Amino acid sequence: MAHKLDGKQLAGEIEQRLSHEITLCLKKGVRPPGLAVIRVGDDPASQVYVSNKEKACRRAGIKSFGCHLDANSSFREIEEQIIKLNSNQEVDGILLQLPLPIGLDAGRLLKVIDPRKDADGLHTLNLGRLLKDEIGPRSCTPAGVMALLAANQIEIKGKNTVVIGRSILVGKPMALMLQAANATVTLVHSHTRDLIGFTKQAEILVVAAGKPQLIGLEHVKEKSVVVDVGIHRVFKDQNLGDAGGYKLCGDVRREEVDDFVSAITPVPGGVGPMTVAMLLVNTVNSWQQHCDLSLSLDDLLP
């Protein structure tokens, strides 16, 4: 059976370390770090994600600023809220929970966030810094993947690595981070011809396709490392539908590949907790810069 890349355990260890650093600073009279999460509308999945982030903030000792706006809020109303948070001296990180309701331009709103408070690493300036391998907030999911690989002592340098998916949230920044770690990276997507021809060569395969159980045994190389970024709520039994209940799954058919690959992330409990952990790391890193602190977080940053 493949080694489990346990993101839940590692995320817990990161939270404890952040909590320790924060507690030491609070004893010296420094204000706590603050993270503001803007949620627009009542998307059920977004509610769960925001709740998880708020709980993680409490565990780490980060002050959470919740901001819930109505689904029919205008671009200007959301923009004004971001501008207020930009000037709030108690807020070190700002996250705009995606997806937004139809009709709102997420890209334009992300540009309104102060790049120094960009907790999700999605501001154009910070994506440019990633491209140039300069210091700045990093996209949380790929940063979490890099931390998970490092913690499990998985060698990246020189490895044939394939990333499935080219989104600005995961695929593109993931490829850049792997390249910076000296992997040989191929980025594939929905228009790629002969997907299996690429994935079968991957010593490290990162799957961020957004399609439930897309990848199976026929796609993977023996003894490879598989990182499953996807998480989906699907019927336990397609024939029974709602009556049969639901289950969570990823983009990979794990039961098929578990005895064939060397390591794999579980779903849930793999990449998801690491995404939240890196959100906290970005926030605390911004906090130390705003408060002119010297924390030893370098090994947590990709």
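Backbone N, Cα and C atoms are what each Cβ position is placed from, and that goes for glycine too.
According to Swiss-Prot, the NADP(+) binding site annotation covers G165, R166, S167, S190, I231, on the basis of sequence analysis.
Structure with Swiss-Prot features highlighted.
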| residue | record | contacts (Cβ under 8 Å, 6+ apart) |
| --- | --- | --- |
| G165 | NADP(+) binding site | G171, H189, V207, A208, A209, G210, V229 |
| R166 | NADP(+) binding site | K172, L187, H189 |
| S167 | NADP(+) binding site | A208, G210 |
| S190 | NADP(+) binding site | A209 |
| I231 | NADP(+) binding site | L248, C249, G250, V267, P268, V271, G272 |
